[in-house]
Amino acid sequence: QDFKIGLSNGWVGSEWRTQMIDEAKAAAEAWKEKGVNVTVEVQSANVDVPGQIAHVRNFISAGVDAIIINPNSPTAFDPVFAQAKEAGILVIATDAEVSSPDALYVGIDQKAWGAAGAEWLARTLDGKGNVVAINGVAGHPANEMRVAGYKEVFARHPDIKVVNEVNANWDQAQGQQAMQNLLATYPDINGVWVQDGMAAGAWKSIMDAGKAGSIAATGEIRKDFIDLWTKDKLNSGASVNPPGVMASALNVAVLMLQGKELKEPAEAGQYKNAMYLPIPFIDSSNLEEAARQVEGKPGYYSYTSALSISDAEALFK
Amino acid sequence: MSTVTTFLRQPLVVALILIAALLWLGETLSPGFASGQQILRLLIVAALLGIVAAGQNLVILGGREGIDLSVGGVVSLSAIIAGNLMAGENGGISLAILACILTGAFFGLINGIGVTLLRIPPLVMTLGMLGVLQGLLVVVRQGIPSGRAAPALADFVSRDFLLGLPGILWLWVAIGLVMAFLLSRTVFGHRIYAIGSNEQAAFMAGVPVKVIRIALFVLSGVFAAIAGICLLGYSGSSFANVGEQYMLASIIAVVFGGTPLSGGKGGYTGTMAGAFLLVILQSILTTVNIDESGRQMVFGATLLVLMLFYGRGRSMRA
Amino acid sequence: MSRLQLKGVAKSYGATKALRHADLDIGAGEVHVLMGSNGSGKSTLSKIVAGSVRPDTGEIVLDGKPVTISGPQAARALGIAIFYQELSLAAHRTVAENICLADLPSRGAFVDRKALEARAAKYAALFEGVTGEGFSLDAVVQDLRADQRQLVEIMKTLAGEASVLIFDEATSALDRAQVERFFEILRDLKREGRSIIFISHRMDEIFAIGDRATVIRDGEIVGTRQIADTTPAEIISLMVGAQEEAAAPADAAPARAGAASVLLVRNLSGAGFSDVSFEVRAGEILGFGGLHGQGQSAVLRALFGANPPASGHVELGGKPLRPNNPRETIQQRVAYVSGDRSRDGVVTGRPILENVMPIHYLRERMVLANPSALAAKALPALQALRTKFAGLGHPISSLSGGNQQKVVIARWLIDRPAVLLLDDPTKGIDLSAKTDLFTLIRKLAAEGMGIVLYASEDAELLDNADRILVFNGGSVRRELTGAERTRFNLYQAAYEAA
Amino acid sequence: MMASIEAPARSRSSSAVKRAFERYPFLPALIILVVLIALNGWFQPRSVSLVGMTGQIKTYLALMLLAVAQTYVIYAGDIDLSAGAIVSLVNVVIVGVMGQWGGDGVTIFVALAIGLATGLVCGIVNGLVVAALRLQAIVATFATSIFFTGLALYIQPVAGTPAPTAFWRTYGGRIFEIPFVFYMAVLFAILLVVLVRTRLSLRLLAVGDGQQEAFQSGLPVTRIRMGGYALCGVFAALAAFCITGDTASGDPLVGGKMTLFSIAAVVLGGSALAGGYGTVVGSVIGALIIGFINSLVFFVGTPSEWQNLVQGAAILLALMTGVLVGRRARA
Ligand SMILES: Nc1ncnc2c1ncn2[C@@H]1O[C@H](COP(=O)(O)OP(=O)(O)OP(=O)(O)O)[C@@H](O)[C@H]1O
Ligand SMILES: Nc1ncnc2c1ncn2[C@@H]1O[C@H](COP(=O)(O)OP(=O)(O)OP(=O)(O)O)[C@@H](O)[C@H]1O
Ligand SMILES: O[C@@H]1[C@@H](O)[C@H](O)OC[C@H]1O
Ligand SMILES: [Mg+2]
Ligand SMILES: [Mg+2]
């Protein structure tokens, strides 16, 4: 069997995305052993939404069997996915959900991801204290879902007060600057909810201010940070969005291309087309184990997990 | 009376007054904002921007629509190269600095050649170069692990170095002095103003127009590279597009400092104040608790209002 | 019957009083000449009337009614049109578009091309026969020569169909035939009862076309005369004032046959000139003459390396010279002064000191610029030309045009050049500045410098050059020496093949 | 060696070339575009089929319109760094209005009218700060772009509100077997032809040749420049319509990255950034060049990590070639 799969990634701003592509390519390679020849064509570049729509059109022109996309927008691809479906192409989105009825989502629930970090923070602070949040790009759907996640959790804890929320655009240095400004104006904060790479920046400011002992803050999943976390015994917890999500999606895609049917149709999420993957969580209880998984990897390597072929097969009839 | 008005019209004076006003506003909105420690931290952030703006300032002074949109790309690339070369070890610092400066100079040289020998408008040339650098960042980052700052570099940027001030502030002051000397007391400086003000006349008076202009772009690349190294020291590790935020910010700092984009007049002292002003403004906006949409609207509107103090062009009717 | 009156109009730029108190009265059907040295306020006055400069005080009365001229648009509506000394053309637009630009013939929001062409053609036709090669209604202004651009600006001014027309040095780049035609047009306008303000530094033009002349000095009107009742001498003494007599032009020294050759040019060709040969000896002022744009400037610029020659042979003091670019020729001790100071000379907005020093920087290969050491070099050079300035640190733009030009010339006096190439150096310079300049030039020649002088004004050439090469069509047509240097011979050679 | 100046400096044929390049400054760009299309077809024949071309137009029509928008301000020697932000703002406004009022035929037109008005107002705001208040265009429009983005975020805090189906189905569909976007392209072309003949176009170019001169000639320079910005705002709104048609949703950040590309497209098309010289057709071609470079990079099989670099380098190369060839030919 021969399948040609197009992978589209519209943002190359983090190593996470690179690892995502690499893991997906490795997953395609793994199908060889099963006698299935999966070739991937990759378009991974910094583009805007129209640019990524062009990715999809290029895949249609190139005649792929399936498209797996980490989309820059939840709704903008509806028309072009419809076109892909007309051309008989299977479309799977990962990492960010899409509204298109012609596509399937395989990835984590970003809202639950945001909530998990908030749950940990609330628990660690014994349900009371002043909290600030440092968010990604305002208006970006993944960011907004995560924000919705923590808001819901903090709302359930009346003694936790979110004193300020700022945006640092998923940029580590901006995260550091934002934290620094926040520390200056709110000397009495107890907790920080911060996402992804910005967490490393925020923690740097917290440590520079000598407040590592008194502040609990969410963390991230790159090896560099996990090492720092271990070394300085940071009071941190990180919910994991594994870069392996695209590999998981690829395995699901191949099985679907083989004509297999899901045991339970993918009907989760607000668009009723999602298949959610589990969200691992790292805190002091399993930090060592996480450190072991990333041992020997470069500093930018993220803690990961993915559906193996057999994991995926188990989901099909 | 008229000397007072003239004094108050000087861009540097305007910037300093606005800085004082903003600090006061910041302190009012969120007590603690104008504390000594916080001002010091803001100055560090301003120094990063100010160093980029030094090169931007030179390119703009040189006229012929001089502008360097590629500085952000060079900052990012330099941070990544420096991080990889020093990989957290003090021993790698000198090599890293050398490599970064050469890299910055190289891209500046290409910009300069494109602008002078091929006569591509600077905005176009450096915009195109930005695209190339952003692409290069992707390539570089996929190939090499992004590294970490040497401890000595991190200390230089954020710890006491001399008289209670971190090294980066001393570096910034030194750059300020060198720039002031360069622009007012050297032939090179006079030639920069000459080509910025009337290139044809400069050419007819034997000024090596192309060499000077190429040198300005090279210097811009070098300053961006130095800023990249410092930025690595500031954030500890390097990552994608760190420098992106400096592209337009450096231009605004120059304009707030009293150097018009048409070139030929202005200087760096004002730019330093302009950089600090911009950083304070951004920082006030992060600390006030409003929606991001509100922050952006206030930021945009404030920039416009501040510009009314500076960049206004002359009335066409004299 | 007066058409336009100015009452107590004044204008200052910072500390500079450009116009102190102007009272002026222009009649209908009159050509009113405005005379005055550089920086005396002629252009300022003109621009105030044309609405592009805002007066500080004063009243303007038009046809008996006081008017407020709020801008150039308002001036046009009041029937005032102006030829700007620095022109006001759009370089990438065609001649026709430029002529009609201010008032585009249109149908609704659209340009009426046909009407536009027709209207432009009407004004271009006035100059038929003297517009020169390459001139047409659909030529792009940028491709035209300087005199052709001035013609377009004239046509554009005429197209305003105004009752008051101001011509601020409209003839400075025109050749004789063009000036003649222009004067015919002015006479027609006069007959139609239009009022004309005419500004020029050329005495012969003023006497040829003017009805009355008003002299302005240091921003003040010092007197008005009927042209018919006055003499050039009287006008000049009004311009100069009581304190200073205009010096008589320097006598031409006889060519020194025995002196060493400073500059030798053989078969030089390049853009705009071909096969030009001549020699300049130490102490000699060699003149270039002829009609406009016959290659005189091009040869000088080529020798300076600004537009390198295509072929030929040049020797400087016996050694071969390759004029590749100004930088190299300057180091070989070649000097060049352009008449177009705003383009080629002045570094606007920079201090006077920085405007005097660039040649010295290059000749001495300097790195550091210590202001006090530099001032010691700059002051004598500026004083030699009797430059008027308040301080070396003041921006050059604070000076009048003539004094700016003196600063530009002064830069060549710090390190003496071997050859001085003067490319119409007095364009737009007042009479006393001219006198100062030529006195100095004669002195430099006497000290052994070789000088080449191109002057667009015949009198200037005849008075100052020891020998004159008359250019026509890019080559030297005739050499005038000794007693041959007469206006008659000059005209004859200039018009020979034209 | 010894050229006689009596002979015309240029042969007749080369002066014909010069005149052609002077009249059609987009010729170098056109040549580059044709080569790019040929290469696309060579590496992926399907990309130049009707479906492929329709896709390409759908994807880049917005950029073409935005490049045209940018051209009008560049004509006058100005620049608009907020053009992309206007696209975003108009996008969320029309999606918002359609969502609010139901999204049937009439409300769609009302929404589009409101969108046009929004673009126009943004353009006028830019015109006010740049031309009337005389702020430097680059920094001032950067500031307004932040403001417009803030406003877009206020109207729609998160990307994803869907546009009515009728709207994007029409945009993506066919009428009489011909894709709708082709009608749009034709309308667009007619609009450009009409606008070329306006007084405003000519006067913008004259202002670009020299503001002071234009003012002294009696042109209402401030009003003309504001006209340029207003036109820019309107075309940015049209670009937003296309984006909305192609993405079927509102996104407060959708246009942000298009600004710099719109400027690159204008320059690729042979217009002078300094003003006074250029064509809108060139800008359209410039936008297409960017599009075909992007797809070609994929079709030749560039490894993913090199795609951005190759695109960036190719665009820089095209920019340089365009500027150089254009100048050579006109010299
Ligand atoms: N031949 C010339 N004559 C007069 N001025 C010149 C000449 N060449 C250049 N200049 C002026 O000096 C400036 C710098 O000259 P330079 O030669 O270094 O650059 P350039 O404009 O790229 O010229 P070129 O096309 O000759 O390479 C020019 O922009 C122009 O204003
Ligand atoms: N825009 C300006 N800014 C400052 N000073 C100015 C300006 N325009 C003119 N001046 C000054 O005003 C004075 C009068 O200048 P104006 O141009 O009216 O002289 P002019 O009589 O036309 O001289 P010229 O014969 O050289 O053309 C001069 O001292 C000049 O330097
Ligand atoms: O977790 C993040 C993922 O959701 C985003 O899409 O890419 C960067 C990651 O850090
Ligand atoms: Mg004058
Ligand atoms: Mg040159």
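Glycine too: its Cβ is placed from the backbone N, Cα and C atoms.
The transmembrane segment annotation in TrEMBL covers B:38-60 (among others). For the transmembrane segment (B:38-60), the list of distant contacts is 23, 32, 66-68, 71, 75, 108, 122, 157-158, 165-166, 168-169, 171-172, 175, 179, 192, 216-217, 219-224, 226-227, 230-231, 234, 243, 246, 249-251, 253-254, 257, 259, 261, 263, 266-268, 271-272, 274-276, 278-280, 283: same-chain residues at least six beyond its ends, Cβ to Cβ under 8 Å.
Per TrEMBL, transmembrane segment is recorded for B:67-87 (among others). Sequence-distant contacts of the transmembrane segment (B:67-87), counting only residues of its own chain at least 6 positions beyond either end whose CB sits under 8 Å from a CB of the stretch, comprise 52, 55-56, 59-60, 93, 95-97, 99-100, 103-104, 107-108, 111, 122-123, 126-127, 129-130, 132-134, 136-137, 140-141, 144-150, 153, 217, 220-221, 223-229, 231-232, 237-238, 240-247, 250-251, 261.
The transmembrane segment annotation in TrEMBL covers B:93-113 (among others). Through the fold, the transmembrane segment (B:93-113) approaches residues 55, 68, 70, 73-74, 77-78, 81-82, 85-86, 122, 125-126, 129, 133, 150, 152-153, 213-226, 228-229 of its own chain, all at least 6 residues removed from its boundaries and within a Cβ separation under 8 Å.
As annotated by TrEMBL, transmembrane segment applies to B:120-141 (among others).
Per TrEMBL, the feature transmembrane segment maps to B:161-183 (among others). Beyond its flanks by at least six residues, the transmembrane segment (B:161-183) meets 40, 43-44, 47-48, 50-51, 54, 57, 61, 155, 189, 192-193, 223, 230, 233-234, 267-269, 272 of its own chain at Cβ-Cβ distances under 8 Å.
Summarising the annotation, TrEMBL assigns transmembrane segment to B:214-234 (among others).
Marked as transmembrane segment by TrEMBL: B:246-263 (among others).
The transmembrane segment annotation in TrEMBL covers B:270-290 (among others).
Under the heading transmembrane segment, TrEMBL lists B:296-313 (among others). Remote same-chain residues near the transmembrane segment (B:296-313) are listed as 11, 14, 18, 252, 255-256, 258, 260-261, 277, 281-282, 285, 290 (criterion: CB distance under 8 Å, separation of at least six residues from the stretch ends).
Long-range contacts of the transmembrane segment (B:120-141) within its own chain (CB-CB distance under 8 A, at least 6 residues past either end) are made by residues 59, 64-70, 72-74, 76-77, 80-81, 107, 110-111, 114, 240-241, 247. Residues of the same chain lying 6 or more positions beyond the ends of the transmembrane segment (B:270-290) and with a Cβ under 8 Å from any Cβ of it are 11-12, 15-16, 18-19, 22-23, 25-26, 29-30, 33, 42-43, 45-47, 49-50, 53-54, 57, 172, 176, 249-250, 252-259, 298-299, 302-303, 306.
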